[in-house]
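Before any comments, here is the structure.
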Amino acid sequence: MLRQWSVQAPGEPEPEPTGEELWEQEMERLCSSQEPVRVLPYAMVDKRFIRQLREPEGVKTSCWQQWRHRQQTARRRLGEAARRLARGCGLWEGALYEIGGLFGTGIQSYFTFLRFLLLLNLLTLLLTTSFVLLPLTWLSPPDRGPALNFTLQCPGGHQPQTGVPKFNNLLWNVFTSRAFNNTFLFYGTYRAGPESSSVYSIRLAYFLSPLACLLLCFCGILQRMVKGLPQKMFLGQDYRSPLSAKVFSSWDFCIQGQEAATIKKHEISNEFKVELEEGRHLLMVQHQTRAQRACHLLTYLRVNILIGLLVVGAISAIFWATKYSQDNKEESLFLLLQYLPPGVIALVNFLGPLLFVFLVQLENYPPNTEVNLTLIWCVVLKLASLGMFCFSLGQTVLCIGRNKTSCESYGYNACDYQCWEDSVGEELYKLSIFNFLLMVAFTFLVSLPRRLLVERFSGRFWAWLDREEFLLPKNVLDIVEGQTVTWMGLFYCPLLPLLNSIFIFLTFYIKKYTLLRNCRASPRPFRASSSIFFFQLVLILGLLLAAAPLGYVVSSIRSSWDCGLFTNYSAPWQVVPELVALRLPPPSQRILHYLGSHAFRFPLLILLSLVLTVCVSQSQASARAIRGLRKQLVWQVQEKWHLVDDLSRLLPEPGSGDSLGPESSHSRGSRPRSLCPGFPCPGSPGPRPPRPEPSLEDPAGLRGAPVPIRRCRFPSGSEL
């Protein structure tokens with residue numbers, strides 16, 4: 001297209017480009033741009049027109065480019081189809097949508113968390129089956145052979161226990177794990193020949209599979225934790241999303257069914273409750289005086305000291321219960337002592353939060369403070385209970401901190417536990433079983449009768465009792481406790497993730513029934529991002545709690561003499577240097593030896609320190625840039641409002657005689673053309689006319705300058 005150039009006198013300002021010129025400039029930019037057509041903000045008709053402009057009739061692309069374009073299109077469509085199929089066939093999609101609409105995204109995040117834990121357990125089970133069970137079955141492990149001849153020097157002529165008292169009740173044997181003693185559920189059943197007799201090392205696979213599972217779980221939790229970070233951590237404490245955006249853009253006009261419309265109404269209502277609750281809490285914090293803050297701080301200290309003493313007492317009770325159950329295994333007390341430690345742990349975790357709430361309510365705290373303080377101490381109590389349970393088992397079985405004759409010779413209490421790995425695995429198995437049975441019993445023996453009584457009877461007492469409240473933090477801590485026990489038992493019970501997967505699958509439906517039938521939603525709504533971040537934080541603490549004793553056992557504790565894969569090793573870790581000496585050539589061994597030496601660790605530490613310093617500096621620079629862009633965005637919005645105000649003052653009244661009218665030739669010529677409504681927007685490429693110099697009569701420099709009307713589309717949720 002030919003352009004007409006007019007002769008311009010020197011000193012005269014450049015004429016303002018017309019709408020036709022702006023349109024041509026935009027066409028040139030689109031034709032020369034390498035941006036994919038599918039991401040352009042235009043209609044399909046305009047996208048086809050742009051594609052024709054980029055590929056004229058006289059120019060044909062090569063066969064390679066056409067084939068590559070078709071392959072990219074096919075892969076993109078296949079990926080989109082796979083994602084739609086995964087969403088359609090996803091586990092519990094319909095149930096999650098219903099729960100999220102009726103009870104909010106916070107409650108929905110708990111059930112999504114259950115699905116995430118189920119996937120983690122299935123992944124762990126897949127790794128264990130692929131690298132340990134299938135090769136072990138394929139290689140047909142050798143016979144057990146004759147027992148090792150060694151004499152235990154037990155005090156007082158005490159002989160090693162050959163087994164626990166046997167009962168003929170099959171159900172009780174399942175609950176006490178005695179029905180699975182000769183299966184692959186426990187460590188003692190796994191056997192293998194010498195390392196030099198097989199190409200594939202079962203011992204190395206058994207040693208690395210729990211560590212690999214914990215590492216994969218840690219990466220998955222960390223990724224999900226980063227995605228669930230609250231938005232306020234990046235946007236600042238003063239950021240408030242406008243309620244007008246939720247009012248005018250929350251409804252989905254594609255909804256047709258009455259049930260879907262009801263769920264959507266509940267979802268929007270829950271979002272408003274979350275916003276209003278956060279706003280009320282923020283105002284309450286801002287209006288506190290210094291004296292009130294000092295009083296609250298002193299009250300916090302007093303209540304935290306009292307709750308800390310309760311936690312110490314609960315941990316001591318767990319320690320003595322575990323020690324007593326392991327030291328006394330007589331026939332008369334065996335039935336009672338089998339589940340004494342899990343019962344004490346469950347009792348402590350049930351009574352502890354009630355006492356915490358009672359102490360906090362005595363100080364007349366606000367509801368948010370009460371929930372947060374109780375939640376923190378509940379997390380501490382749960383994790384400390386499991387930690388003390390592991391320590392008490394280690395003191396009894398491995399003689400940690402105790403002096404015994406059998407421990408001095410063999411590294412563990414060989415007089416009472418010939419296969420101590422199976423004993424620890426049995427305790428973790430019983431703890432997992434007991435947690436699930438307790439949840440089922442509480443649902444159908446407490447929550448269900450309470451709901452039936454409240455619905456049947458009327459009165460002041462029943463109105464005060466009401467239905468059970470679905471406490472989101474309590475349910476999360478219960479499921480995290482079960483998952484932590486599963487991670488602790490990866491080395492002693494390799495198939496414990498299978499059992500936990502079944503429990504999580506059943507827990508989803510039991511909790512859904514409890515939520516829909518027996519419980520009422522919590523009056524304090526939870527935001528989904530905050531809930532997900534809290535779930536992953538507690539879960540990663542449980543993972544670290546499970547990894548610490550496992551790392552200590554595989555690196556420092558003597559394995560059992562008469563069972564398992566590591567009977568001839570001082571510790572399971574010793575299989576790694578043995579395989580390195582057998583399978584790797586001398587140059588590779590020297591390289592590995594150098595990687596484990598101090599000559600490599602110190603330079604690596606210095607390099608990591610430099611990289612960390614660079615990352616911190618880059619993050620700080622990015623934070624400053626984000627703050628500057630946020631200020632610039634606010635300034636641009638204010639400038640648009642000033643331009644709108646100036647334009648409203650400059651435009652003549654509709655009834656005046658000198659009005660050009662909306663359809664005058666000058667108005668049509670000054671309004672730019674565009675491919676679709678919304679072009680051009682402020683900030684789009686293209687030259688802008690210079691503004692006139694400001695004067696005393698016209699400080700803004702707007703008089704005499706034509707101001708084109710520009711229409712822009714703003715994303716939903718933005719606020720001018």
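A Cβ is built for glycine as well, from the same backbone N, Cα and C atoms used for every other residue.
As recorded in TrEMBL:
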| type | residues | note |
| --- | --- | --- |
| COMPBIAS | 679-693 | compositional bias 'Pro residues' |
| DOMAIN | 419-529 | domain 'TMC' |
| REGION | 653-720 | region 'Disordered' |
| TRANSMEM | 116-138 | transmembrane segment |
| TRANSMEM | 202-223 | transmembrane segment |
| TRANSMEM | 300-321 | transmembrane segment |
| TRANSMEM | 333-362 | transmembrane segment |
| TRANSMEM | 374-394 | transmembrane segment |
| TRANSMEM | 428-448 | transmembrane segment |
| TRANSMEM | 489-510 | transmembrane segment |
| TRANSMEM | 531-552 | transmembrane segment |
| TRANSMEM | 602-621 | transmembrane segment |
Please figure out which one of 116-138, 202-223, 374-394 racks up the most CB pairs under 8 Å against the transmembrane segment (489-510).
116-138
Check for me, if you would, whether the transmembrane segment (374-394) reaches the transmembrane segment (531-552) - at least 3 Cβ pairs under 8 Å, residues 6 or more apart in sequence.
yes
Who are the long-range neighbours of the transmembrane segment (202-223) in its own chain, taking Cβ under 8 Å and residues 6 or more past its ends?
116, 120, 123-124, 127-128, 131-132, 135-136, 139, 141, 190, 192, 195, 487, 490-491, 494, 497, 536, 539-540, 543, 546-547, 550, 554, 565-566, 572-573, 575-576, 579
Tell me, roughly as an integer, the mean pLDDT over the domain 'TMC' (419-529).
87
Treating G and I as helix alongside H, and B as strand alongside E, what does DSSP give for the domain 'TMC' (419-529) in helix, strand and coil?
85 helix, 4 strand, 22 coil
